[in-house]
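Undergrad: Below you will find the structure I want to go over with you.
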């Protein structure tokens with residue numbers, strides 16, 4: 001156990017040092033993710049035009065809180081491993097990593113976690129600024145914050161694994177990242193990036209509940225906005241946990257089959 005912990009610590013420290021060198025790029029990347037802010041302005045404008053100043057139970061301030069929350073959650077769910085794997089497999093740079101005693105996946109995972117640590121400071125500053133400008137009001141229920149954090153951790157791990165599987169498709173395709181755009185659209189739409197899930201038709205909501213998307217993005221945002229209950233948080237955690245197991249075994253299968261093909265072509 002101590003040996004495993006020491007490996008994890010060294011891996012994280014190394015990756016954090018690498019990410020700290022690119023903190024300016026991290027901030028620029030973070031600022032480019034403005035879709036939630038655009039949607040916030042759109043829905044706030046729509047609510048302002050209503051006689052009662054609300055749409056489906058969301059006031060201007062509640063729209064601001066929800067979409068600022070989706071921005072925060074989406075920032076913590078950012079994953080780019082599919083692009084890296086696609087490059088490594090096509091260029092052959094994956095080969096040296098296969099000689100190491102550690103699964104290459106853990107190096108990518110440590111890089112993503114390290115990037116979150118670099119990202120968190122500037123992100124909180126921007127959240128404070130957006131909250132002040134928009135009049136957003138986050139929930140006063142203390143339990144909602146650790147519950148949202150737990151869902152974000154599960155959601156990030158689930159997204160990392162499915163993006164990893166997408167990247168591994170480069171064993172068979174010229175560009176595995178083409179699949180990523182379709183999956184991102186489902187993630188954004190069913191996750192609640194464009195609007196709270198309750199705004200969608202019932203049949204769309206029913207489909208979304210069978211996917212991991214609303215529990216990894218929309219549900220944590222609703223918790224922070226005071227729009228979700230502890231029971232919903234617990235149910236979301238169980239569903240995300242189940243999807244995490246599915247993606248984990250899917251990654252193992254695709255990785256092992258892909259490595260056989262990778263070795264067969266002499267990489």
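Note: Cβ is positioned from N, Cα and C throughout, glycine not excepted.
Dumping what TrEMBL says about this protein:
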TRANSMEM  26-43  transmembrane segment
TRANSMEM  63-83  transmembrane segment
TRANSMEM  117-136  transmembrane segment
TRANSMEM  142-162  transmembrane segment
TRANSMEM  182-203  transmembrane segment
TRANSMEM  233-254  transmembrane segment
Undergrad: At an 8 Å Cβ cut-off, counting only pairs 6 or more apart in sequence, do the transmembrane segment (233-254) and the transmembrane segment (142-162) clear the bar of 3 or more pairs?
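TA: As far as Cβ distances go (cut-off 8 Å, pairs 6 or more apart), the transmembrane segment (233-254) and the transmembrane segment (142-162) touch.
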Undergrad: Using a cut-off of under 8 Å between C-beta atoms, tell me which stretch among 63-83, 142-162, 182-203 contacts the transmembrane segment (117-136) the most.
TA: 63-83
Undergrad: Within the same chain, where does the transmembrane segment (26-43) have neighbours whose Cβ lies under 8 angstroms from its own Cβ atoms, ignoring anything closer than 6 residues to its ends? I mean 6 or more beyond.
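TA: Sequence-remote neighbours of the transmembrane segment (26-43) are 19, 55, 58, 63-64, 66-68, 70-71, 74-75, 78, 115, 118-119, 122-123, 126, 130, 134, 188, 193-195.
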